[in-house]
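Below is one structure, written out as structure tokens, with a few remarks after it.
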Amino acid sequence: MLNKTNGLIYFLAFSSGFSIMGIELLGGRILAPFFGSSVHIWGSIITVFMLSLSFGYLLGGKLSIKRPSLTKYGLIFLLASIAVLPIALFAQPIMAFIFTHVEDSRYGSLLASTALFFIPTIILGMISPYSVRLLVTDSEHSGQVAGGLYFVSTLGSALGTIITSFYMVLAFDVNAIIIGFASFIGCLGLFAIALDKLTIKEPVYA
């Protein structure tokens, strides 16, 4: 089954990379009204995203060990979608509270970045290692598969950076873009689950 869906898995990995960088870039716009846009604001955002992704890679790898499936893969996307949505809904009150109680903008921006982006980025980070597990059918080609997957994911990140910063922020409100990302990620998850349910199963060995 999984061999027939390799193209979908690569596309989903590409889309996750696109979404991660798009959301990270929007983080600067979200925090700016309260904490400014100086270098330490971006330092806070990048630190939180890097730490979150590292935890996500670890958790995704562990989750992929036992009976990986497109359904479980799709559920990761659905969880990510649910976790991203509160960024648009609650960013303003969260940042207002932190801004009021933390005088130093360095630590305020770090705390705000953690509150807004830590959980959704962990979940998004789980996608890449799980993608590798779904694509790998034998250890001989595992390095090649992982390299191709991370190429596609990083390419998605690059395009997400360009498209979000060059076009999306000029055409749409930041909250609308965040909701768009959440909806897009959720639809991808539903599609993966539906495809898994409709496809004839072949044995998958843990």
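Each Cβ is built from the backbone N, Cα and C atoms, and glycine gets one as well.
Positions annotated as transmembrane segment by TrEMBL: 7-27, 39-61, 73-99, 111-136, 148-170, 176-195.
Taking Cβ pairs closer than 8 Å, the transmembrane segment (73-99) reaches residues 9, 12, 16, 19, 23, 30-31, 33-35, 60, 63, 108, 111-112, 115-117, 119-120, 123-124, 126-127, 130-131, 134, 174-176, 178-179, 181-183, 185-186, 188-193, 196 in its own chain, all 6 or more past its ends. Remote same-chain partners of the transmembrane segment (148-170), defined as residues 6 or more beyond its termini with a Cβ less than 8 Å from a stretch Cβ, comprise 9-10, 13-22, 25-26, 29, 128, 131-132, 135, 177.
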